[in-house]
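J.: Here's the feature list from Swiss-Prot:
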type: SIGNAL; residues: 1-17; note: signal peptide
type: TOPO_DOM; residues: 18-529; note: topological domain 'Extracellular'
type: CARBOHYD; residues: 27; note: N-linked glycosylation site
type: CARBOHYD; residues: 28; note: N-linked glycosylation site
type: CARBOHYD; residues: 40; note: N-linked glycosylation site
type: DISULFID; residues: 59-292; note: disulfide bond
type: DISULFID; residues: 72-84; note: disulfide bond
type: CARBOHYD; residues: 104; note: N-linked glycosylation site
type: DISULFID; residues: 107-153; note: disulfide bond
type: DISULFID; residues: 296-320; note: disulfide bond
type: CARBOHYD; residues: 304; note: N-linked glycosylation site
type: DISULFID; residues: 488-492; note: disulfide bond
type: CARBOHYD; residues: 498; note: N-linked glycosylation site
type: TRANSMEM; residues: 530-550; note: transmembrane segment
type: TOPO_DOM; residues: 551-566; note: topological domain 'Cytoplasmic'
type: LIPID; residues: 555; note: S-palmitoyl cysteine
type: LIPID; residues: 562; note: S-palmitoyl cysteine
type: LIPID; residues: 565; note: S-palmitoyl cysteine
C-alpha cells in the first residue's frame, strides 16, 4: 500500500509541474517539395519557380500586334504572292506568325536561294518601309512590263504575278541590254529581291527575251553574281515547265546595287528599308490572334509570369522565363509541416521539434508553449522568426534574380540539304536544355535541403537558449520540453523566452523540490526491490510445493516408482 501511495505521489507531482516546450509552426498546407535526400516533403510554405500555364492566345507584344501571315509564308509575303495581298499594308509587327498550313510562298515554281538565311534576318526585323525601288512606269521604257504574268500566280481568276517584282520581257521583238542602279539613301539596310527565269526550251527563250545568249548580272560592294539561263526540259509544276529562281541581298546605307541584263531578269519593283527589333521573331502557331497584351509569347499561347522557369514551349519571343523540361520546381520558404496528433495529450504529441509542429502557433515560425498555474498558451519568438524570414526571402529573391534572365528563343533555319546540320544542332540544343534543366533542379534541391536544415538549426538554437538559462532548475523530458522544479508563473515564462531568466532566484526552491522528488523516487525504488525479492521467494516455494504434491500423487497410484537405496 505504501508503494502504491508513493507511485501516486510521483505521478501527482509530475502532473502539477509547470512545463515549457520549444516548437515550431504547423498548418494545413499540402505543399510538397523535393530535397537532395527526400521527395515530397510536406512544408508549411513554398514558392513555385516553374510556370506551366498560358492563355492559348497570340497577343500584342509591347503594345504592337503580331504579323499573322495566315495561309502565306515569309516567301509569299516578301515576294508579294497575289494570295497575300492582305499583307501589303502591314508595315510593323512585334513578331511574325506562320501557321501549319502557310503554303502560299513561291507561286511560280523554282528555288528561293538562301531562304533560311532570309528568314533568320527577318526574325529580327520589327518594321519596314516599303518603297518603289524602280518605278514601273519610268524605269524600263525599252522593255515590256505588263505581259509578265502567269497562270501559276492567279488573282481573281486571271493570270497575275508577284506584286513586288516585275517580269521584264522583250518589246517589239527587241530586248536591249539594260542597266539600272539604286543608291541606298534610307540610312538603314534595304532588302532587295529579284529573280532569274529559266525557260524550258530555246523557243520560249526567244519568244520571251529574243536573245539566245542572255545573262543577268547583279553587283554591289558586298554582292556580285552573274547568272545565265539554264534551258532544259522539266516536268510541269503548277502547269509550268519553266523555273524561276529567287535571290535577295541586304544593301548597306550608302551602297549602290546595279542590275545589268540582256534577258531573263525578274526585276525588283519594291524594296524594304528594315528596322531591327531585338524582341521580334518568327513562330509557327495555329493559335488565334486576340485583343490582349503580353510580355512573353510562345506558339502555344502568351505567358504572363515573373517566374524564372517555364515548361510550356522552348520557342519564346519577348521577356520570357527560361525553358526547362522539369515538371516541378518548388522552393521551400517555410518549415516541415508535421502537425501534432492532439489526441495524444498536450505535451505528449505536440512535443516541439521532436514529434511535430503546432497549429496553434500562428504568429511566428518558432516559439514556445507553456503550462502553469495561470493557464497555458503559445508565444512566438519574433526575433528568430523575423531573421529567418529575412534570410529566406533574400535567398529566394537572389535565386530568382540570378535565374530570371529573360530570353527570346527562336528556331534556327535550315534547308532540306542541311538536315545533318539541323539534326546536329538539335542534339546540341537538347544537350544545353538538359544541362539547364539539371542545373535548375539541382539548385532547387540543394536550396530546399539547406532551408529545412536552417529551420531545424533555429529550433535547436532556441532550445539550447532555454536549456542554458534553466540549467538544473528544470528537467529535460526528452521531447523538446522542460519540466520546472519550481513554480513558474507567466512572468517567469516570459523571462525564459526573452532571455532574462533569473536562475539564482529559483535555484533554492528547485533544489528542495528536486531533492524531495529524488527521495520519493529512491524510497519507491527500495519498496519495489523488496516486493520483487518477496515475489521471487514466494513463487519459488509455490513451485516446489506443487512439484512435491504431483510426485507424491504419482507414486501412490503407481505411475511413478520411487526407490530409496541405502
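Cβ atoms are placed via backbone N, Cα and C, with glycine included.
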J.: Near residue 296 (disulfide bond), which of the recorded positions 28, 59, 104, 107, 304, 498 can be found within 10 Å, Cα to Cα?
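T.: Those near residue 296 (disulfide bond) - Cα within 10 Å - are 59, 304, in sequence order.
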J.: For residue 59 (disulfide bond), which of these glycosylation sites sit within 10 Å, Cα to Cα: 27, 40, 104?
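T.: Of 27, 40, 104, within range: none.
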J.: Check residue 27 (N-linked glycosylation site) against DSSP and tell me helix, strand or coil, would you?
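T.: Its secondary structure by DSSP: coil.
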J.: Restricting to the topological domain 'Extracellular' (18-529), report the mean pLDDT as a whole number.
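T.: Looking only at the topological domain 'Extracellular' (18-529), pLDDT averages out to 87.
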J.: If we check Cα distances from residue 304 (N-linked glycosylation site), which of the recorded positions 27, 40, 153 wins as closest?
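T.: That would be 40, the closest of 27, 40, 153 to residue 304 (N-linked glycosylation site).
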J.: Any idea what DSSP makes of residue 104 (N-linked glycosylation site), helix, strand or coil?
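T.: DSSP call for residue 104 (N-linked glycosylation site): strand.
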J.: Could you round the CA separation between residue 292 (disulfide bond) and residue 320 (disulfide bond) to a whole angstrom and send it over?
T.: 17
J.: Roughly how many Å lie between the Cα atoms of residue 107 (disulfide bond) and residue 84 (disulfide bond), rounded to a whole value?
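T.: With distance taken Cα to Cα, residue 84 (disulfide bond) is 11 Å from residue 107 (disulfide bond).
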J.: For residue 488 (disulfide bond), identify the closest of the recorded positions 28, 72, 84, 104, 153, judging by Cα separation.
T.: 28
J.: Just to be sure I understand: of 40, 492, 498, which recorded positions have a C-alpha no more than 10 angstroms from the C-alpha of residue 72 (disulfide bond)?
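T.: Close recorded positions: none.
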J.: Neighbour count first, Cβ atoms within 10 Å, every protein chain included; then name which of 72, 84, 292, 488 tops the list of disulfide-bonded residues.
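T.: When each Cβ's neighbours within 10 Å are tallied, 488 leads.
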